[in-house]
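Just below is one structure, and these are the notes that go with it.
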């Protein structure tokens, strides 16, 4: 009798398992196939950025990207609210700036540009302060305060 009850319970459990697995497979995305997905990186090697990119600086003024670039420049394209990839990227740049023998503003500059036109200037200023706090060298912090730009796109750019 115990064996019969055990076998019935096992049969019911296995049946539910297979039914749930079949349902899960159909819910994932029944219409999508591997051919429908277009994910990748399109490289534009040897291309130049257009001169006509209009941005908004920390003071709320419109500035042309071409007018800002007058020395070797690190361009960070990020979402200021992105915790996944963007924050570690900006932390890494702050770490390199802190340890480098090069002088920000003289030898190079860093332009951090948000992809999102809905992100505010206040958010960008807070992010800049956060990343400056990661730097240990007070001289480097002062250089980055005046020569590290956090910028915002205008709607025309997008």
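Placement of Cβ uses the backbone N, Cα and C atoms for every residue, glycine included.
TrEMBL does not curate its annotations; it predicts them automatically.
TrEMBL lists 82, 86 with the feature Cu cation binding site. Under the heading disulfide bond, TrEMBL lists 82-86. According to TrEMBL, the signal peptide annotation covers 1-24.
Note on residue 86 (Cu cation binding site): other Cβ atoms within 10 Å of its Cβ, all shown chains, come to 19. Classification of residue 82 (Cu cation binding site) by DSSP places it in coil, neither helical nor stranded.
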